[in-house]
Amino acid sequence: MQILLANPRGFCAGVDRAISIVENALAIYGAPIYVRHEVVHNRYVVDSLRERGAIFIEQISEVPDGAILIFSAHGVSQAVRNEAKSRDLTVFDATCPLVTKVHMEVARSSRRGEEAILIGHAGHPEVEGTMGQYSNPEGGMYLVESPEDVWKITVKDENNLSFMTQTTLSVDDTSEVIDALRSRFPKIVGPRKDDICYATTNRQEAVRALAEQADVVLVVGSKNSSNSNRLAELAQRMGKTAYLIDDANDIQEAWVQNAACVGVTAGASAPDVLVQNVITRLKALGGSDAHELTGREENIVFEVPKELRIDAREVQ
């Protein structure tokens, strides 16, 4: 059984930055450090940080006065940000800069009095945070997930519309929704640069190449990870059996016993240690040494907040 690895896979710059912010805060200030929502959607990462003293909460009211609070990589609404400001808290923002870019687009539309349409998944924390950047009572903010949704919404002024997208969507699905938006609202204005982030796009491109060669595709990522789910769905759309797994323990021998080639990739919030454990498990089931496919090189780095960088050097 051949083992193929997608390239690129695993951590993106935004996830690296978010985890570093929590780790640095723990190293500098000591436990406990409060984090609003899971800092990234990966069970292994969250459990590891929890063991070191991170406390994950959903409501600002759960954070005691004087504590340190970190916003997750998914971003928060202005209401949440304002609530935190009203408290005696030290706040660090781990929002991915590429999510912040979308926040700025929404805020700009709100200031201009444009109505805004967000393409995204209802209930996802990134969507909640992005929708929460719109505050113009004279306008409106709408959420759509599919081309069908586009034809159901009612706007006030079809000539003063803009759209944005969640950063972790399926590139193909989003393209269909954008086509529907442009068809229904010919004057709608989109972002100058795609909102779907480079890491999401690159990992979907990589899983396409992987699925062309593999009989079975294993996607390492947690069930609540949007970008990981999109990778599994893409492989399935290409006619391949695909499984979303948290770790190597999820792999069932029956999944791969008749496979000549098993492909492995990982969502943007899944650490490489989990991929290595999957390779070890597959080898135990008869797999050969893993071979990595060629793919796009990623050199993007997002710095942690200045305060944490300075404090981190002092600690060292």
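Note: Cβ is positioned from N, Cα and C throughout, glycine not excepted.
Listed in Swiss-Prot:
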- C12, C96, C197: [4Fe-4S] cluster binding site (BINDING)
- H41, H74, H124, S225, S226, N227, S269: isopentenyl diphosphate binding site (BINDING)
- H41, H74, H124, S225, S226, N227, S269: dimethylallyl diphosphate binding site (BINDING)
- H41, H74, H124, T167, S225, S226, N227, S269: (2E)-4-hydroxy-3-methylbut-2-enyl diphosphate binding site (BINDING)
- E126: active site, proton donor (ACT_SITE)
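Separation of the C-alpha atoms of S225 (isopentenyl diphosphate binding site) and E126 (active site, proton donor): 11 Å, rounded to the nearest whole number. Neighbour counts of Cβ atoms within 10 Å were compared for the binding-site residues T167, S226, S269, and the top value is held by S269. Among the recorded positions H41, H74, E126, T167, S226, S269, the ones whose Cα sits within 10 Å of the Cα of C197 ([4Fe-4S] cluster binding site) are T167.
Around C96 ([4Fe-4S] cluster binding site), the same-chain residues at least 6 positions away in sequence with a Cβ under 8 Å from its Cβ are G14, V15, R17, A18, A73, H74, G75, T167, C197, F302. When the recorded positions H41, E126, N227, S269 are screened for a Cα within 10 A of the Cα of C12 ([4Fe-4S] cluster binding site), the ones that qualify are S269. Sequence-distant contacts (6 or more apart, same chain, Cβ under 8 Å) of the residue listed as 'active site, proton donor' comprise H74, G75, V99, G120, Q166, T167, T168, S226.
Maximum intra-site Cα distance, isopentenyl diphosphate binding residues H41, H74, H124, S225, S226, N227, S269: 15 Å. A sphere of 10 angstroms centred on the C-beta of C12 ([4Fe-4S] cluster binding site) encloses 28 other C-beta atoms. Sequence-distant neighbours of H41 (isopentenyl diphosphate binding site) (same chain, 6+ apart, CB under 8 A from its CB) are H74, G221, S222, N224, S225, S226, S228, S269.
Summarising the environment of N227 (isopentenyl diphosphate binding site), the number of other Cβ atoms within 10 Å of its Cβ, over all protein chains shown, is 26. When the binding-site residues H74, H124 are compared by the number of other C-beta atoms lying within 10 angstroms of their own C-beta, H124 comes out lowest.
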